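Asker: The structure's right below; bear with me while I get my questions together.
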Amino acid sequence: MASKLNPNVLYVREPRESLTSPDPQAEAGDESSDSDGEPEETSNKLIRKVSTSGQIRAKKSVKEGLLLKQTSSFQRWKRRYFKLRGRTLYYAKDSKSLIFDEVDLSDASVAETSTKNINNSFTVITPFRKLMLCAESRKEMEDWISALKSVQKWETYEASQFNMEHFSGMHNWYACSHARPTFCNVCREALPGVTSHGLSCEVCKFKAHKRCAVRSTNNCKWTTLASIGNDIIEDEDGVSMPHQWLEGNLPVSAKCVVCDRNCGSVRRLQDWRCLWCKAIVHNSCKEQLGKVCPLGQCKVSIIPPTALNSIDSDGFWKATSPSCSSPLLVMVNSKSGDNQGVKFLRRFKQLLNPAQVFDLMNGGPQLGLRLFQKFETFRILVCGGDGSVGWVLSELDKLSLHKQCQLGVLPLGTGNDLARVLGWGGLCDDDAQLLQILEKLESATTKMLDRWSVMTYEVPTKQTPAIIAQYADSVATHLTKILDSDKYSDVISSAKFLCGTVNDFVAEVGKAYERATENKEEADAMAKKCAMLNEKLDSLVKALSEDANAQLVPSGSISPDESDSDQSRPFRSREQMMLRANSLKKALRQIIDQAEKDKTAVLHSNNCEMTTRSKLAKQKNMKSDSTYTHSSCLFHRQCTEKCVMNNYFGIGLDAKISLEFNNKRDEHPKKCSSRTKNMMWYGVLGTKELVQQTYKNLEQRVQLECDGVPMSLPSLQGLAVLNIPSYAGGINFWGGTKEDNNFGAPSFDDKKLEVVAVFGSMQMAMSRVINLQHHRIAQCRQVKITILGDEGVPVQVDGEAWIQPPGIVQIVHKNRAPMLTRDRAFESTLKSWEDKRKGDSRPARPRLNSQQSMEYLSEEECAQVQQLGLVADTLINRCVYVCLYEESMTSTQM
């Protein structure tokens, strides 16, 4: 055995067989191990191969990083640094370790650890060992799995691209158990254990032992025309979609669509199931079924693989729209719904084309939108919370796709306010209902959702103090040296640095003043003062440079070199230096005071101008759409769009609770990992505010204008601006859905906002139990909130909160997005019509043998049936002729 070992590699003998990992590579420095891929003898199973860091550098790195590795003792997790180079996975205690363990990936398979996979773990399975690893996020886990699969096929791995195993036909394994006997699709033997534990493909449900997964063929569910291969059907009409069959492991109640008899077996692997139309047939009935696949109940939503037949210049699949269909793009947030998003992600891949299902946590919505932007019309289903919906809508704004798509929502988040308003409910946690949801989505109606821009403008009164604070430490340090030090060199050096700091400060003040002011005369005056101060600085620096070359001459003494008096001058006294410093200090203070006065005057004039224009517009009774066009033109020149609001805007109490919850979730993600925990945290934070009342008398810190009209506010702790009649998980803060004498009925497509006062956390808590009549402030088309004082106020938009500094917040209409809404009245009418149609319809014609229909007969059988029909028709005609002849003969005899 020693003759087979590489002398350049260090081998360590392991006492336990379960931790061994033989590596057949002969040279540690070679990037390819194809020539040395044969397995070693059984005696080498007890030898674990390790390499030094110097040997690893010779190979090109595919991916590396920190992962958690499960140990064999008590299943503890330890952090290790992994490096994937070539077909070998190296790991050590950290990146600077000298010795790395090796795992050969030549005959390895990769699978997710569990069904929900909350901890983002995966398993690397080799013929001799099993590594269970855990990543920090699902995206990192999928990147590692993609990298491990790519090195097995010698492909170039790129983490930024879409998971290309969907297009390559590779299976996506995850470990699971089964409630009934299940068989391996590779070796056809039963999976071990009472629960039949093994690996299952998340897309096609291909079953395999852990030892057989590496030997499985890449025959996962088709995604493109190229993946169909030789099974494609070509005729005069073009390319047709064939059935894609998978053998065995059928449900208990499975019946053949041809003979209507039971299918499947718990004793062996038998009978077939189509991955697209879900048709189940016997082995003997398979040939009697038509070759073209009808795609099943979801055919309207499915993009058939025959529609993905080319690659564009960017390297992504270019989709050609199939006829008479409205394809569906599914985007799932895998973190939503207590990590239920992973289960929904797999289920959608089973029902639809895997190429039209995307994980928002792995690349965002850009990849899917780029794939679908070739379609004239398409639908989008976002599975997640309100934040996921806003994310997708923002990407649609960037790509300008609102006119060609409609967006539906499947609620998986915590609040799900938008899904409640659109009629899809407040929660969906059962993936078995997805087929019914897709059918309801096909019959959904379209309504326009108003979207609003949140514009912010921060008062720049804090610019000058910020600039002073930037240079305060340097100025204080050098002034202390000048005043306290008796050393000639220290005084000169500190004075030079002080002059340079002040010079930079003056330049910053000048730039800030030019950005803030619009008066050219004031700007010129400030420029002259800055220039004057710069001249004084230059004079002082020149004097300091001369003093730096001077010699210290005591009073009353004569210089030894009187002839060289120009080159050597006596040292100036500290009084002279202080006079120049005081002169500079006075000039600097004048500049700072003038800048503050001018900026205050500019802000005051801006506010006066906006207020005056608002009053003039009010006196003229102008329409609300044109009132603000002129009154806020100055504001729009200086403001920026902070974000886009789809649901609601809050300031004060509710925003503070949202901000604290977001901070708590960022600090302790595991404490906010479920919907129930999130609601409990909201309750705890609201109870704390019941005692503290941080924003009591908020009306003294903010000013509200609705459609340009100042509003008088009662004593409150917050304001809520509503676009939809659902707030904070289903609360109707407006207090009703019907029109009254003062206000119209609230709607998300009327280009109007509803403004409501928030009096306290008790009011918010009681609103979940009792439908209270809240204090309505206004119903308007534009909202402007001015934050007064020197401190910021918490603000939240659709649950995302931040501290807004003093200034102005204005909410204006941005655009409208088409949304898919569920019309329950239409669904009930359609169902009753279908039931009535079934009841009135005549019974269907009997089949030829009471089991089969004409569409399932072969061409030869069809010809025989047609010939039988002709013979029967001839026989009937002859019988009729004979009967008529006999009647005529009888009448003649009589």
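A Cβ is built for glycine as well, from the same backbone N, Cα and C atoms used for every other residue.
Curation does not apply to TrEMBL; its annotations are automatic.
The following feature annotations were taken from TrEMBL:
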type     : residues : note
COMPBIAS : 28-41    : compositional bias 'Acidic residues'
COMPBIAS : 832-843  : compositional bias 'Basic and acidic residues'
DOMAIN   : 60-153   : domain 'PH'
DOMAIN   : 170-220  : domain 'Phorbol-ester/DAG-type'
DOMAIN   : 242-293  : domain 'Phorbol-ester/DAG-type'
DOMAIN   : 323-458  : domain 'DAGKc'
REGION   : 1-45     : region 'Disordered'
REGION   : 551-572  : region 'Disordered'
REGION   : 832-852  : region 'Disordered'
Asker: Taking the domain 'PH' (60-153) alone, what is its mean pLDDT?
Answerer: 85
Asker: As a quick check of your reading of DSSP, tell me how many residues in the domain 'Phorbol-ester/DAG-type' (242-293) are helical, how many are strand and how many are coil.
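Answerer: Secondary-structure breakdown of the domain 'Phorbol-ester/DAG-type' (242-293): 3 helix, 12 strand, 37 coil.
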Asker: Counting by DSSP, what is the helix, strand and coil composition of the domain 'DAGKc' (323-458)?
Answerer: 60 helix, 36 strand, 40 coil
Asker: So, by DSSP, how many helix, strand and coil residues make up the domain 'Phorbol-ester/DAG-type' (170-220)?
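Answerer: Secondary-structure composition of the domain 'Phorbol-ester/DAG-type' (170-220): 3 helix, 12 strand, 36 coil.
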